[in-house]
Every structure is written in C-alpha cells, then in structure tokens.
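All remarks here apply to the structure that follows.
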Amino acid sequence: MTQGFFISFEGGEGAGKSTQIRRLAERLQAAGHDVVVTREPGGSPGAEAIRELLVNGAADRWSPVTETLLMYAARRDHVERVIRPALARGAVVLCDRFADSTRAYQGAGGDAPASLIASLEDHVLSGTVPDLTLILDLPAEIGLERAEARGGAARFESKGLAFHERLRAGYLEIARREPERCVVIEANADIDAVTAAISRTVDQRLER
Ligand SMILES: Nc1ncnc2c1ncn2[C@@H]1O[C@H](COP(=O)(O)OP(=O)(O)OP(=O)(O)O)[C@@H](O)[C@H]1O
Ligand SMILES: [Mg+2]
C-alpha cells in the first residue's frame with residue numbers, strides 16, 4: 001500500500017496558517033501531487049458539527065478538559081474518515097491545526113493535564129501523527145491584530161493576551177521537545193518570505 005505524507009500547520013490566531021496552506025496546496029498540485037486540504041476542529045461532517053460547539057459562544061462555555069474531549073471526538077472522526085483514507089492512497093494531507101493545537105490551547109493555554117492529552121493522542125490517534133509540523137510563530141498581539149482586522153471575533157480570539165502568550169510558549173516547547181517532527185517558521189515576516197521558508201522545508205522533507 002502506498003503511504004502519503006501528513007503535514008500539520010500550527011500556531012496562534014492570525015499566524016497565517018490558512019493563507020500558507022492555500023499557497024502550498026497550489027504549488028504541490030502543480031507539481032503533480034494528490035493534495036488533500038483539511039482543517040481542525042472539523043474536516044469531516046461529524047467533526048464539523050462538533051466544531052460549531054467549539055468555536056462559537058462565550059469564552060468560558062467549556063472547561064479545558066471538556067474542550068479536550070470534544071476536540072478528540074472530532075479528531076477521531078476526522079482521522080478515521082478523511083486523513084487515514086487519504087494517506088492510504090498516497091496523498092499529501094495539509095491539515096490546518098491538529099493534535100498540537102490541543103496541547104497548546106487546552107494544555108498550555110488552559111489547564112487540561114498533559115497526561116490526559118498524551119493518553120488521548122496515544123489511544124485515539126493510534127499512530128496517525130504528522131510527518132511534519134510547521135509551527136508559525138509570531139508575537140501574540142500581532143496575530144490577534146491580524147485576526148481582528150480579518151474580522152469575526154471567534155471564541156478563542158476572545159480569551160485575552162495572556163492566554164495567547166501561554167499558547168505561543170506552549171508551541172515553542174513542543175518544537176523544542178520534538179525537533180524531528182516540528183519546524184518553527186518565523187511568521188512575523190511578509191507573506192512571500194513565509195511561503196519561501198515553508199517551501200524549502202517541505203521540499204526537503206518530501207525528498208527524504
Ligand atoms: N505574513 C503576513 N503578513 C501580514 N499579514 C498576513 C500574513 N499572513 C497572513 N496575513 C493576513 O492575516 C490574516 C490572518 O491570516 P490567516 O487567516 O492565514 O491566519 P490563520 O493562522 O489561519 O488564523 P486563524 O488561526 O485565526 O484561522 C489574513 O487577513 C491574512 O491575509
Ligand atoms: Mg485560519
């Protein structure tokens with residue numbers, strides 16, 4: 001069976017994940033790859049229904065542990081129905097947020113225990129983890145300004161600057177612990193410079 005390549009994009013609000021995924025998808029498609037673009041929370045019909053519960057409403061609508069469980073219910077459906085089938089047929093999967101978002105938002109940003117999150121990763125993902133994770137890093141206030149300018153104050157954007165600073169530190173800690181999988185991309189740069197850095201990294205990894 002062929003095996004595809006799984007890339008996740010991570011980082012705080014307004015870091016440029018969606019912008020950069022669109023650009024990378026076009027470039028890889030032009031090079032002849034079968035590319036699947038997807039996102040979390042969501043990415044399958046069931047997970048998109050759960051997404052509505054997660055991204056709307058008051059900031060304190062869910063506790064971090066409840067949020068973690070909803071995220072993992074959505075993630076399991078997405079992995080089973082979209083990501084695994086795509087990888088099995090040899091596609092390059094570009095996922096806008098994945099498991100590291102739970103570690104960062106509910107773990108570092110909230111107070112969901114790292115042991116709970118690690119156990120869910122182990123039992124729920126059962127080996128479906130990214131081959132490469134691009135962490136788009138920029139100061140929290142700049143990301144929030146970008147997201148605000150784009151419009152639509154979503155639930156996580158309303159959690160305040162201190163939350164988003166813990167989030168950023170959480171992502172950098174993930175990259176420090178898993179340097180093989182994770183590459184930190186300087187996202188406080190112009191859009192083309194970020195695209196160029198991502199292209200270099202992805203081409204290197206796809207050639208391996
Ligand atoms: N390098 C950049 N410099 C300046 N503006 C940027 C840059 N990258 C993206 N933007 C703009 O910032 C806004 C947020 O970008 P984008 O939606 O790609 O971020 P995101 O990481 O997907 O955010 P979210 O987590 O909220 O979905 C958009 O209006 C986009 O055009
Ligand atoms: Mg986005």
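First residue shown is number 1, and so on along the chain.
Glycine residues also receive a Cβ, built from the backbone N, Cα and C atoms like all the rest.
Residues or ranges marked as domain 'Thymidylate kinase-like' by TrEMBL: 9-198.
Using a 10 Å Cβ-Cβ cutoff, Gly12 (ATP binding site) registers 31 neighbours. TrEMBL lists Gly11, Gly12, Glu13, Gly14, Ala15, Gly16, Lys17, Ser18 with the feature ATP binding site.
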Contacting binding-site residues, sequence order - Gly12, Lys17, Ser18 vs ligand 2, Cβ under 6 Å: Lys17, Ser18
Nonlocal residues around Lys17 (ATP binding site), in sequence order (Cβ under 8 Å, 6 or more apart): Phe9, Glu10, Gly11, Asp96, Arg97, Leu136
